[in-house]
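Shown next, in structure tokens, is the structure this report addresses.
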Amino acid sequence: MHTLSVKEMSEKLRNKEITSVALTQHYLDRIDQYDGELNAYVTVTPELAMEMARQADEMIAEGKGGLLTGIPVAHKDIFCTLDVKTTCGSKMLDNFIAPYDAKVVEASRALGMPILGKTNMDEFAMGSSSESSYYGATKNPWDLKAVPGGSSGGSAAVIAAGLAPLATGSDTGGSIRQPASFCGITGIKPTYGAVSRYGMIAYASSFDQGGPMTRSAEESAWLLDVIAGFDERDSTSLEQPKQDYVSTLNDDIKGLKVGVPAEYFEEGLDDGVASNIRAAIAELEKLGAEIVEVSLPNKDLAVPAYYVLAPAEASSNLSRFDGVRYGYRCENPTDLNDLYTRSRSEGFGAEVKRRIMVGAYALSAGYYDAYYLKAQKLRRMVRDDFVNAFEQCDVIVGPVAPTPAFNIGEKSDDPVSMYLADLYTIPVNLAGMPAMSVPAGFSNGRPVGLHLVGPYHSEAKLLNVAHQYQQVTNWHQQMPESYQ
């Protein structure tokens, strides 16, 4: 059943050829069989999943629900899930049972989508490899020696290995797109504010954005349709009519102007990645798109700006984890200061502490102007690059990451080389624009993703381009042999 597309599953559920109970049990059996080696789930929720599947079958029998009713989903462990352990990959939240649902979870629950469990991730979404999780590294289903990308590595791995038909992720500097690229799946980071952040544990609030991780662009459109939309509980949620992501999927892309930045093909880009991306651009041209050269001259300023701004926001957001109200608490504190210091130093991992320190430093009185304010200026320059480029084209394409998935442990001792793994994805988060990763081939047996970037609120157009590309390629249908 796991080889069916979500569209086929949906049709079979409606036609009573399969039940949600049988479908959900099939995925739970696969998780039992394979997740021991992948470590893609932090928590599996079989009782909840089966209860929700029974309810979904009743909804379908009564003609209620929607296209995704009865289709199971896995949520990244950054989304609060009522009465389910929600850890954000950290010892700090190892015993935290969420008292409410995040908007993303609430929306899928209301539609009758059984929750299979919570997926593994870099601690507090800080990382590009899913190695910094308190629960151990997740492995890449294409090659168990490789990382799945991060921070949404668990969600990418469960889709690639067929341990869930649909999953959610979050993207602060590339955390949906880079793992999607490394695991050969489709993932979209919507425009900032399109998907509510209510109940999504905060890392860097002006960057964080939730989104779908699926096999195909069509499935991403369906899931985005469920989770997007205005939510008054999130002050940054966009108050505007929701786009129709699905009805334009089959539109012709003849005459579409596709921008290719010269800066994306400079030194440091893996040859195999470059050739796959050029082949994908040629496919778009065959579909009638017009290729135009554009420039993003400030691309290299994005990573330094991001690693001042995001840690600054994190140092503020993570101050709430103090050992007092919830989360990890050290044993036998001598006084309040000792409680704070030891709870935080014992509860947070090395990468999280590194970013809190960098952020606190950037915000300190003597350095605020030199670092934080300067980084804000760079952020505007990077955004303006995109605004100017989109005057000449409709979408921008390039690689998602400079290399295919690297080996587990390869970059863990060198934080800067790990940070540079996100050099193509981070600029988009600085600008707050939508972007997606679409499977586009393999380099040395490991998947490569094509990066599609659009102007604000152009998710429907990006999904349309991706869907058209997937009509003439089958990279998104490939599955690692051991999980077929």
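The backbone N, Cα and C atoms fix where each Cβ goes, glycine too.
The annotation active site, charge relay system is assigned in Swiss-Prot to Lys76, Ser151 on the grounds of sequence analysis. Taken from Swiss-Prot, the feature active site, acyl-ester intermediate covers Ser175.
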If I take the alpha carbons of Ser151 (active site, charge relay system) and the residue listed as 'active site, acyl-ester intermediate', what is the distance between them in whole Å? 5
Looking at the active-site residues Ser151, Ser175, which one has the fewest other Cβ atoms within 10 Å of its own Cβ? Ser151
Count the Cβ atoms, other than its own, that fall within 10 Å of the Cβ of Lys76 (active site, charge relay system), considering every protein chain shown. 33
